[in-house]
Amino acid sequence: MTNIRKSHPLMKIINNAFIDLPTPSNISSWWNFGSLLGLCLIMQILTGLFLAMHYTPDTTTAFSSITHICRDVNYGWTIRYLHANGASMFFICLYTHMGRGLYYGSYIFQETWNVGMMLLITVMATAFVGYVLPWGQMSFWAATVITNLLSAIPYIGTTLVEWVWGGFSVDKATLTRFFTLHFILPFITLTLTMVHLLFLHETGSNNPTGIPSNMDKIPFHPYHTIKDTMGALLLILSLLTLTLFAPDLLGDPDNYTPANPLNTPTHIKPEWYFLFAYAILRSVPNKLGGVLALLLSILILVFIPMLHTAKQRSMMFRPFSQFLFWTLIMDLLTLTWIGGQPVEHPYVTVGQLASILYFLLILILMPTASLIENKLLKW
């Protein structure tokens, strides 16, 4: 008799994806972040669902409904801060996952990489519309400033902004549609995740060496399930520590002031995970130029597979590329820091230099270093 795990139509899919899946034996802990992202998504959907039961998407009551959740709902504050800090954890895992993909050449699986890019954009959109919902000062002004960037589009810009706003300013219509989008986008993310896994399992996982590992594979369960469980426990521990000891560490104090269209905060800035892109946006003096630089800073990742000039897939044995990769990471950290600083000297200059270096590294320096390495290895 065939094992039900291998014969049942539904169980068979789960079995082939999480139990009997042939996995390279040498994948390191950097490969844990995919499963951690899945865990983050499930946690965000669950906490978000409970928050949506008590939240009211109306300009007059949105802020007070958040206060009500924190004060009157049983463990409402826990759910709220788990959701807010869960988003930070989500982006930490997301950026690490992408960094691993860049370092080890996982982008060679183009379909998986492209679906991953779609996931990145969807998650970023979800986080942005979600940031507007508490209807605090920073929520309101971040929504106003970022959506207003659409007005830089020639000819149709102003019409487009008013269409997104649902009026002549960020108001009730905007809040309602942002809540609707914030509710539906995680489920779109969930669907895209399944497509992402589908494409990944067509080729099998990459590994640190970048060399095909068909000769040396092990079943996913129990080896990698144990490894993933360890990662999951560490993630939950970090999230709980952050939520219970420093829930407002990554938030903005301005969001504890109800939204006021007549009073602009001194420094308008998004959440920390968007600061690198915000710094690139601000470093271009021209509005349209800034918007294009912002878009390109994210969309440039789509072209990474085309910019791969190395004969080797992974950076494991390529010291020049390794040096440039870590320079890129430092550059992104610098941009993140600059994005949170006021627009004044010397931050403006540092931001402009870091922005130039970001594009220079990806478009010119890294492909050139790969070609030099090919020559040195006589390939």
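Using N, Cα and C of the backbone, Cβ positions are placed for all residues, glycine too.
Taken from Swiss-Prot, the feature heme b b562 binding site covers HIS83, HIS182. The heme b b566 binding site annotation in Swiss-Prot covers HIS97, HIS196. Annotation source Swiss-Prot lists ubiquinone binding site at HIS201. Annotation comment: Swiss-Prot describes 33-53, 77-98, 113-133, 178-198, 226-246, 288-308, 320-340, 347-367 as transmembrane segment, evidence class similarity to another entry.
Remote same-chain residues near the transmembrane segment (33-53) are listed as 69, 79-80, 82-83, 86-87, 89-90, 93-94, 96-97, 100, 182-183, 186-187, 189-190, 193, 228, 231-232, 235, 239 (criterion: CB distance under 8 Å, separation of at least six residues from the stretch ends).
Outside the transmembrane segment (288-308), and at least 6 residues removed from its termini, the chain residues within Cβ reach (under 8 Å) are 98, 102, 105, 107-108, 110, 113-114, 117, 120-121, 124, 149, 152-154, 276-278, 280-282, 355, 358-359, 362-363, 366-367, 370. Sequence-distant neighbours of the transmembrane segment (113-133) (same chain, 6+ residues past either end, Cβ-Cβ under 8 Å): 55, 57, 62, 87, 90-91, 94, 98, 101, 106-107, 139-140, 142-143, 146, 170, 174-175, 178-179, 181-182, 185-186, 188-189, 192-193, 195-196, 199, 270-271, 273-274, 298-299, 301-302, 304-305. Remote same-chain partners of the transmembrane segment (226-246), defined as residues 6 or more beyond its termini with a Cβ less than 8 Å from a stretch Cβ, comprise 29, 32-33, 35-36, 39-40, 43, 78, 81-82, 85-86, 88-89, 93. In this view, HIS83 (heme b b562 binding site) is surrounded by 20 other Cβ atoms within 10 Å of its Cβ, with every protein chain counted. Under 8 Å from some Cβ of the transmembrane segment (77-98) lie the Cβ atoms of residues 30, 33-34, 36-37, 40-41, 43-44, 47-48, 50-51, 66, 69-71, 116, 120, 123, 127, 130, 235, 238-239, 242-243, 247, 250-251, 271-273, 301, all in the same chain and six or more residues away from its ends. Neighbour count (other Cβ atoms within 10 Å of the Cβ, all protein chains): 22 for HIS182 (heme b b562 binding site). With respect to the residue listed as 'ubiquinone binding site', the closest of these binding-site residues in Cα terms is HIS97, chosen from HIS83, HIS97, HIS182. Residue pair HIS83 (heme b b562 binding site) / HIS196 (heme b b566 binding site) shows a Cα separation of 24 Å. Fewest other C-beta atoms within 10 Å: among the binding-site residues HIS97, HIS196, HIS201, that description fits HIS201. DSSP classifies HIS97 (heme b b566 binding site) as helix under the three-state reduction.
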